[in-house]
Amino acid sequence: MATPMPSGVPRQPPPQTDNPNFQQKQESLPDDLQKWNPNKPSPFPGSAPTLPPLVRPPPSSSTSAPSQPNSRPGAPPPLVVPGPNVPPNVGSVRPFGPPNGPPSPFRSPSGPPSPFGPPSGPPSPFGTRPPPGSLPSSMGGGPVISPRGSGAPGPGGRPGAFGSSSRNGPPVGVPPPMMVTGRSPGPAPSMGPFVGSPQASPKPGPPTQSAPPFSAPLAAPFGTQTWAPGQVAPPTAAPNAAVQPPRMFGMPPPQPNQPLPAIDQTGASLEDARKINSNQIPRPTTSYSKIQYDTRQGNQANIPPPASCDYIVKDTGNCSPRYMRCTIHQVPCTADLLTNCGMELALMVQPLAPLHPSEEPIPVVDFGEGGPIRCSRCKGYINPFMRFTDHGRQFICNFCGCVGSTPHEYQCNLGPDGRRRDADERPELCRGTVEFVATKDYMMRDPMPAVYFFLIDVSMNAIRTGATAAACAAISQVIADLPEGPRTMLGIATFDSTVHFYNLKRVLHQPLMLIVPDVHDVYIPLETDVVVQLSECRKHIEQLLESIPTMFQDNSTAESAFVAAIKAAFLAIKSSGGKLLVFQSVLPSVGMIALSARDAEGRGNISAGEKEPHKPLQPADKALKTMAIEFAECQVCVDVFTTTQTYVDIASISVIPGTTGGQVYYYYPFSSISDPVKLYNDLRWNITRPQGFEAVMRVRCSQGIDVKEYHGNFCKRIPTDVDLPGIDSDKAIVVTLKHDDKLQDGSECAFQCALLYTTVYGQRRIRVSTLSLPCTRNITNLFRATDLDAQFVCSLKQVANEIPFTPLLQIREQVTNICINKLLAYRKFCTTATTSGQFILPEALKLLPLYTLALTKSTGLQTDVKIDDRSFWINYVSHISTPSAVCLVLPQMIAVHNLDFDKQEENGSAIPPVLPLSSEFVSEEGIYLLENGVNGLIYIGSLVDSNIVRQLFGFSTVEETPTQFALQQYDNPLSKKLNDVVNEIRHQRCSYLRWTLCRKGDASGALFFSYLIEDATPKDGPSYSEFLAHLHRSIQAKMS
Amino acid sequence: MANSDPEGVDGVRMTWNVWPRTKLEASKCVIPLAASIAPIRPHSDIPTLPYAPLRCRTCSAVLNAYSRVDFLAKIWICPFCYQRNQFPPHYAMISETNLPCELYPQYTTVQYTLQMDPYPNNPSNAPQLQPVFVFVLDTCMIEEELVFAKSALKQAIGLLPEQALVGFVSFGTQALVHELGFTEMSKVYVFKGSKEIPKEQVLEQLGLRAAGGRPTAGYPKGLQNGFTNTVVNRFLLPASDCEFTLNSLLDELQTDQWPVQAGHRASRCTGVALSVAAGFLGACLPGTGARIIALVGGPCTEGPGTIVSKDLSEPLRSHKDLFKDAAPYFKKAVKFYDSLAKQLVDQGHVLDLFASALDQVGVAEMKVAIERTGGLVVLAESFGHSVFKDSFKRVFEDGEQSLGLCFNGMLEIGCSKEIKVQGIIGPCTSLEKKGPNVSDTVIGEGNTTTWKMCGLDKSTCLTVIFDLSSTDQSNVPETVNPQFYLQFLTSYQDPEGKTLIRVTTVTRQWADISVSTEELIHGFDQETAAIVMARITSLKMETEEGFDATRWLDRNLIRFCSKFGNYRENDPSSFSLNPCFSLFPQFIFNLRRSQFVQVFNNSPDETAYFRVLLNKENITNAAVMAQPSLISYSFNSPPQPALLDVASISADHILLLDSYFSIVVFHGMTIAQWRNMGYQNQPEHQAFALLLEAPQVDAQIIIRDRFPVPRLVVCDQHGSQARFLLAKLNPSATYNNATDIAQGSDIIFTDDVSLQVFCEHLQRLAVQS
């Protein structure tokens, strides 16, 4: 033992930079280690088992080391210490080993305050500083972790090196000495070199540190945004603008060395909010260049870029933030710490999120009959953070710490770094996201076929408004996009006050229409032939879709038995499960669970709606939920396309899609001119987007953290799993987390989301995404590692959930309070007392006020919103992904009158820079496009050059603006460019958008201006600067 | 009464043609006072009058040949209530030499046509009176059977009058109402098979309710054009318009697609299908003549009307089960069909059942609905069998062979005030119209003097059971009233949709038994009496629990013989019966042995079937059912009736047995041998060929006129099919007395008593004091 230690120790440290902010090369480490390892084996053949641990330790220790130096200005002393300490540590580590570790680790940190002093200390000394981030990172850095690693290797004392620990987040914290060791090696100098060659993985050297940290130091200091209300602002503002966009995500301003606290917290008295120069207010940056993002660097989780920007992910151990994004990229060690910071710990999970075209596809791993390797206790799936020991014969689960034996055929020797030698060839051992081929054990039955059942409203209104025709046309076009092959089944039914099925079997000359008239107790008219193989009956289906609109042309039935129809359709596909796509146009008025026009209730006293929960926002009938659960149990996923002119009680209807993993599409008021195209595109995307059936999802966390709740569109029957009859690339689920124990500072906490699902081609798969984050005791770290988008979306969804049950005023207040509390916490714990007069925003949260303001002015919280609009918003929010959520609340506005059609924007995107959402930026001589992922508004100023109008829209004066409109491309460059832009936006949003032309002076104009959330409106609140002033006052009040 | 037409112009036959005056006397006569009436039996001597009948102000009896008329005062006196009625103005021309038709003494039966249609020029009214046919087809059959059924249906549709409206319902696990008027594609309303659906729901679910106000049940005048037209357009189309649609629909119709579990019966919702058909028909055209024609291939196993569970290990109920109350579904099903019958009667619609299956299909349960509505029933083994095919065709055929299916019949009976009506046995429903002539005791459909016959045809026959008023009639001066009168008034719609009223007035004499029974005896109609007894027995067997039919018949026969026989007490050998009664014991003997009393050889379905026909057919046909006729063919003599006795079997005779439901051609052993050797094909044996042919020809004649078409069994002596004959013969020769058997004759292996033994016992018991 002794021998290895010394050698190992020195080397390890250098390579690793712990600070997440730094871009690190993971590869470099292993390589380096491996090189080193070979030597080892020979000298210590007998000690082979110990080697692996050694290998790993380095990363962790190294990570910690570098960060520390960086973080701390005065780092030197610790460095000294380490060397000597190492050996002893080893010894001590061992005993505590893996499982028991926890207690000791905790003690150690606290106990040996002095040694840690420096690292942990930062908070206090630097606490004032916003960027303390750097410090915390070092803290989290993992010295703590290492012990574990060392513990495991037990035999070989040197594992004490802790390196391994980095992977095993939770368990054992190693005594302070470890840290020291880490540092000692990592003297700043070493870092230099790495900086230069961040990408050069092969380099043996400890190229951990990426250049950015250093290069960007300047930025970093300013990271925390200060907002100088009146006077001071200038300096800060400028830097911010420059700084933020930069591509380094992880890197926020970790540079502890740069003691620029003063700058960070430029504060100005908020005496007169109105004086604020709106240009200085924090706003989302206009354009992002493409960002390359590695999920882990230097064996350290890397803070991901904002959800809404364009980035390319390289999976280097952690899963892509697209799949799983934590609200804070460091995990607070204790529940108290979390409470103090006023933030929520949650994961935004989007298991089937679409990839950027440049990203590598998810590797599919087939373990054969045995199925994927899993922890025998907690059933966690094999992932890069499971540590192999005993020559690879055993592995330690990074969730529960259980030691499991490796199946014989899966065994592999470990390299000197403690990693399996085949780790890099095996995706499950080096990638954050892999997909396993599921075995029989994962199937209750054969994987279900791809079943699509279309249910179309043919009641009088649907027919007359053209909704039926639009639906039929859309379906008929979209059939071509359904998966090919005999496994694709399809059924069609229509409904008015009765339900009409169609026997589509081939032998019949024409489809046979089967009417189920009993809408109080529905049933299916045929056991078979209502759902048929698409490949065999294509002709009949097309014929039918063509004839439906004419067949019901004279339908005089105004009633709709929507619920009964859904139930009947459900019965038809019950045996297999499948997707049920419903096109609905009127309020379900007859049959089971008929609904009434509740929108009239309380219309008279809208103000009352603000003071008490609005009943019509709640589902009218509990039976809907019961029914929805039944659907979910049979793996039926319902999507509802509401094409209506009136109130349809979306609050009630959405219960079914909301429980079955589907969603509501809302076309109100339905226009037969502009909406059919969108309907088709929505349907097409609905069917062609990556998706799965009969899915079950579970999130596992390392010991100490547990899942509190899941939010999203799914059905939950047992506490641990969510059932998703359908899951697709657009659906996200929020998983809130809670502490059930303390975590060890410096360890890592892992989260794993496993989604078992069936592909449209009938393969059963398990998609496993693992995210391992460092733990920290430092509140400043938390603020630095905060993910604003995730934070915001998390609270957005929670707020949305509450809207039906809480008075609007109260909710708005609550939303503002969430914002205030976060800022207050930051103010309290992370800034110096001297800045009390200033309004200080942490860099990571600088947009929080804007987001918050936008939220209070969103459809969900606005005062004057139709019930259905609000219900739709609530439902939509419940499942949207982080990027869509941000853009939903904070629309993008661009000017289109002056599109420069020759110029590509810098980043290759066709979209011009976005404008702040303030009427200051809207000129009556311009044309503006504003979109939020759902609606697209084009505002035509009243003084626009008629030539431009003609070029773009085909009419010449603003007065001719039609109310219903379909964007067309005319033969001129401007129009082409506009279409390019629109298409680009559509592409980005995966949404066709509902387009409206707006002009001043009528409702459409008012609608447009209602999206300009920076403006003050009499009903819905203050302007952005007023709001900031309000926040500042509130915080000051609370501080005093 | 001429033998050829015992019912005469009036179509009335009575057990007693002379009635005792008192109730007491009547009860002593043993055989009840009853009349068998054929309400619309056609007869060339019946005049049709183009005006409405003239009715008595108080009792609403129709002016008839027995009314006394005061030509001067222009007054007629009703023979029933003695009310004096003024003739209305249009009778002003009446005089002794200028009598209206109904007053001619020979026209005891006249028919009136009514112009019900107030707007004869309005063509839209015309189709409403067209008959409506709703076909209800079972699809739970094997492919082959369904093909037969479908082709029969197609043929039937081809035979329908062009304007007749047609609807179509098919059923299996669920009931499917086909909307024939929907042209875009085949459209079907599907009703769940397991749930009873009230009429209102059927209407609502078919989307018929919103189309207009609910028409009141009743008669054509209650129709609303708009309403009926939408319905007509959607579900009921003139045969000419929908023949193509229906044919292609039938071509595509498959057997029920719902899976049948192994070891289980198909799921078949006959009950729901029928109630749905009834429901929408009721909504469509209340008061119009409509028939639901159900083709059923198996038992109902789903929903209301279920008669057996789906599990094949559970057999269908037998008579034994019914007797022991071990048929769990029976009562519920009967109750369901009873309510269906009520609904159909309200609407004036008919249920016809064509059941073809090897096992039972539930006729026993459905009987109530069929009989009350006057529907047809045919029971066959297969839809490919001639019993079904030919019968089904007959229903739709025109011309001389036509059944003359009429609709919406209503029978009113008027009678002298001493007479009460207990009820009617036969295809009709009491309308519960109370009156002074309603008896307190009820037999069959009683408690009324008015009955509804939703469906009736030329051969429909009803048995009216009378009673006498219990009040003493001695205070009525005999001189005033030596006669009593009965008037049967039947209004109905004929197949063309015309409304007709037929009035039959009969008179019979009172007899004073205390003076002499001679008159009474001569007024006895043995055949009618036997059949009335048979019908009453059947009824009692169905309605009275633990009723011992054989014993009841025996007791009545003994009482009867005691009353009317000539004998010395306790001396059997002295017993003799008046020739007017001589055949009666033999009738009863055969009745005791018939399928009506000996039910245990048959399934409940068969029994129900037999009874429906027993009650509906005229006396002559019914008599054949109870006591088959046997004709013997031989070289030596022309065909001649033979005794219904095993002794009639002879090796060189051919026997033709007509037991109504089956016709047996039975070749004696020798004949069979000759035939097998092919003699009939040799020119020199043409006589033999003719002999072989003769019974076949006669059988065909019988078959041609009969509905349902009987099963023809051709068999040889000692062949297995010979049982059809042997079962009907008097077992005068059994293995117990096989010694004195004529050569070539046969014996019957039975312990049943022979007629001879029966009569001996009868004599002995009759003479006991």
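For all residues, glycine too, the Cβ spot is worked out from N, Cα and C.
TrEMBL does not curate its annotations; it predicts them automatically.
Per TrEMBL, the features are as follows:
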- B:53-91: domain 'Zinc finger Sec23/Sec24-type' (DOMAIN)
- B:130-396: domain 'Sec23/Sec24 trunk' (DOMAIN)
- B:407-511: domain 'Sec23/Sec24 beta-sandwich' (DOMAIN)
- B:525-622: domain 'Sec23/Sec24 helical' (DOMAIN)
- B:638-725: domain 'Gelsolin-like' (DOMAIN)
Stretch among B:53-91, B:130-396, B:407-511, B:638-725 sharing the most Cβ pairs under 8 Å with the domain 'Sec23/Sec24 helical' (B:525-622)
B:130-396
So what pLDDT does the domain 'Sec23/Sec24 trunk' (B:130-396) average out to?
86
What stretch in B:53-91, B:407-511, B:638-725 has the biggest tally of Cβ pairs under 8 Å against the domain 'Sec23/Sec24 trunk' (B:130-396)?
B:407-511
DSSP helix, strand and coil counts for the domain 'Zinc finger Sec23/Sec24-type' (B:53-91)?
3 helix, 11 strand, 25 coil
Its residues classified by DSSP, the domain 'Sec23/Sec24 beta-sandwich' (B:407-511) shows 3 helix, 58 strand, 44 coil
Distal contacts, the domain 'Zinc finger Sec23/Sec24-type' (B:53-91) - CB-CB under 8 A, six or more residues away
100, 102-108, 110, 112, 412, 414-417, 483, 485, 487, 489, 501, 503, 505, 507
DSSP on the domain 'Gelsolin-like' (B:638-725): how many residues come out helix, how many strand, how many coil?
44 helix, 20 strand, 24 coil
Give me the DSSP three-state residue breakdown of the domain 'Sec23/Sec24 helical' (B:525-622), ordered helix, strand, coil.
67 helix, 9 strand, 22 coil
